[in-house]
């Protein structure tokens, strides 16, 4: 019976062992194995409990020391901006909209505007002008028949030329009808030689009306030397001018005293008054009344033009006459400054159907080849300022 029982007990043991190896049922352990496994798990849990925080701290320190300090600079920049805002606005506004607007306005850098003051240094006064007869230092002789331009009138023209030329204190005679003859080609040649020596020089044209009924000298300032060309030339610095002696008022209305024939200062000033404020000054240029040089007595003064002698008249007194100077600057309507050909010289112009020698042009001043006649057209000059056309001298 015992042998029969042994095969019965051993038979179910084999499938139980095979079944546990497949993982379906837990293995059958003894007491020694259970004690060893429990002690090992306790040691592992205690080691991991202490090593994890140490590893975390060490890795954090390593990253802190090795990574670039981007976050630190950003934090410091934001802290600096906030401290700047606190200094600018020590009393914060509880309104969020106003605080946001103040932050946006303070973030923009204001533009520095310096405080400018007027300089105490002023340019010195201009040196008195000297008129020279040639390129040497010889002054123009005071003979009236050789002098069309007085120094007082030259000083008035000087105020209108470009500032760089106002500093020049001597004007030299480039061409004269008495000295060089009536030839337009000679005028061109003399101006060409002056331009070769002084490329930046300016030119003042002076023409005298010798008719008995008129006492007028007119001319122009030219930026370029006159020369024959097929088109207009010159700049906006060119201008036309005219000067005339004011007629004395009637003696019955302006005599200061009965004897001596001396006119009162008030009457002389009234004769050269500018137009009233209500007048139309659209085409009016610079208009000035200046005192001429003292006239010679009638017995000593030769028969010549009044402006050439600084406004001398036949009154026989030493009272200087009044010279009315008027300038016509560049108006900007067109660019017709100077136009010269071998047969004429013209200054200023327009584009209407009337002209002195052409049917399609108007000229401010036009001088013919023989230099014996001139004409003035209405281009940039009003009708009241026109001179008679075709006057001989």
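Backbone N, Cα and C atoms are what each Cβ position is placed from, and that goes for glycine too.
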Have a look at 1-40, 121-160 and point to the one annotated region 'Disordered' in Swiss-Prot. 1-40
When Swiss-Prot is consulted, the range among 218-268, 269-319 described as region 'Disordered' turns out to be 269-319
